[in-house]
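K.L.:
My questions will all concern the structure given below.
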Amino acid sequence: MDAILLHGLIAVESAPALKLPSAPGRAVARTYPGAPQEAASIELQPLSRTPKPNKSASTSRINLASTSSSGHLPKSRTETTIFSVGPELEEQSRPGTPKADSVNDDSANIDGVEAMQSIMEPYMNRWRLLAMCLISLSNGMSDSAPGALIPSIEEYYNIGYAIVSLIFVGNALGFIAGAFFVDAIRERLGRAKTLAVGQGLISLGYIPMIATAPYPAIVVSFFFVGFGMSINLAMGNVFCGSLSNSTTALSMMHGSYGIGGTVGPLLATAMVTVFEVVWSRYYAVSLGLAVLGACRDTQQHLGSSAGGSGGQSGSTAVPKRDWRADVTAMVSALSNRVVLLGALFIFAYQGAEVSISGWVNTFLMDSRHVHDGSVGYVTAGFWGGITLGRFLLAPPAHRIGEKLFVVIVVVGACAFQLVVWLVPNLIGNAVAVAIVGLLLGPVYPCAAAVFMRNISKQKQVSGMGVISAFGSSGGAAAPFTTGLLAQAVGTFVLHPIVIGLFVVMMICWYGLPNKPKRSE
């Protein structure tokens, strides 16, 4: 009785149900005690406020079996719920299909990991490598010629060893300047246009040489040539070093440089001695190759590559960078242990290479009393050995391991350099010089492959630019020092300088880490 009176005084009402956002899911049968037995239908409105007219909503109907309750409880109702799914939700529930234009043949991601490219895949990499080999061929012809042309340059300008060595200094300063600006140029222009800028600067430097300008202008011309070569070398090392078979790609690229280094002294010696042409006319051939490299469709071949970013199109707006950011990037790269040791290693390597190429002819003329122009072919033998070494010794280096292989060949090169110094036989010296070139040939590709594996992807361009700049500075400091000392005490100083540089190479190589090579 009290309960009935209390029920009349107080009306108990259930709170309104919370309206939750609808979502597709499994239908679950719910029983409501005391509800009528007839089935009730609840229809959910489509999620889309403005459904597309060309697509109809798909509706799925679920019938639930009737159940009855036992005892004094009233029978429960069976609920039939109709879920109406709008077209937008239907599209969202489907797995996405990749668009055709989003598929790029230059990169592939497998399980979120970027797949490494190779020389053969994608197909365009073959043309990119061919373009870099052509550029390296031209660079080799330019770098190897001074060794055969130095006697003619001294005679034409009536200068000595110390003054003629300034061409190496000008070339080195250009390389160093190029290393500081290569990353900034790449950020603004992209890889293809950066390569075109490098070839344009090289072509600009050859024009005063062909015109046989005054000697100070010749030194400045070598600066522009070195600047352009620094750009091309850094971009080529990054591209080839980022491939899965990087040792082979780098060997092909630098082997082409060796071919140019072999052809250069042969052609320069023939033009000066056989055809009696002024020394400067040789660079007309180099100018032709540089223009050919600049006019190639570099945007198609080298617009993008496996190694990092940089393939921006010309229409892409790139934010301007402050020069302090470029200096910071260079300092940051120098703070890296691999970059620092690699820079010192290449400094010593290229210093030894350029010193042998530039001064071995003069040493043979003074010490072996050979005064005809045929001694210029010894330099061609040296570069021929470098070429064969880069092509033939790269596969054994890959199998043995770059770290151990470089130690073996540098020790052998040091031994044959002693033969050139101590054995007074012209033919024996020429053969020994060629063997030194053969052993030194694979050193640079092997070293570049080790550097690329141990430098982070973000610092590869700036790091390789620093390494290239130090290499060029070594290619200037060593031959310039050799020229100064040769003027004072004699050309025999070439050999202790070269052997000392070999020792520096071994010390730096020992300190480099040996990161395992990534194969996929």
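One is the number of the first residue shown, and numbering goes on along the chain from there.
Yeah, the Cβs are placed from backbone N, Cα and C, and that goes for glycine too.
Curation plays no part in TrEMBL annotations; they are all automatic predictions.
Okay, so TrEMBL annotates it like this:
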COMPBIAS  47-71  compositional bias 'Polar residues'
DOMAIN    128-517  domain 'Major facilitator superfamily (MFS) profile'
REGION    39-107  region 'Disordered'
TRANSMEM  159-182  transmembrane segment
TRANSMEM  338-360  transmembrane segment
TRANSMEM  375-393  transmembrane segment
TRANSMEM  405-424  transmembrane segment
TRANSMEM  430-452  transmembrane segment
TRANSMEM  464-486  transmembrane segment
TRANSMEM  492-512  transmembrane segment
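Could you tell me the structural context for the features on the list?
P.N.:
Beyond its flanks by at least six residues, the transmembrane segment (375-393) meets 140, 144, 147-148, 251-252, 254-255, 257-259, 261-266, 268-269, 272-273, 353, 356-357, 360-361, 364-365, 405, 409, 429-431, 433-442, 444-445 of its own chain at Cβ-Cβ distances under 8 Å.
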K.L.:
Establish whether the number of Cβ pairs under 8 Å between the transmembrane segment (492-512) and the transmembrane segment (159-182) reaches at least three, counting only pairs separated by 6 or more residues.
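P.N.:
No, the transmembrane segment (492-512) and the transmembrane segment (159-182) are not in contact.
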K.L.:
For the domain 'Major facilitator superfamily (MFS) profile' (128-517), would you mind checking the mean pLDDT of the predicted model?
P.N.:
84
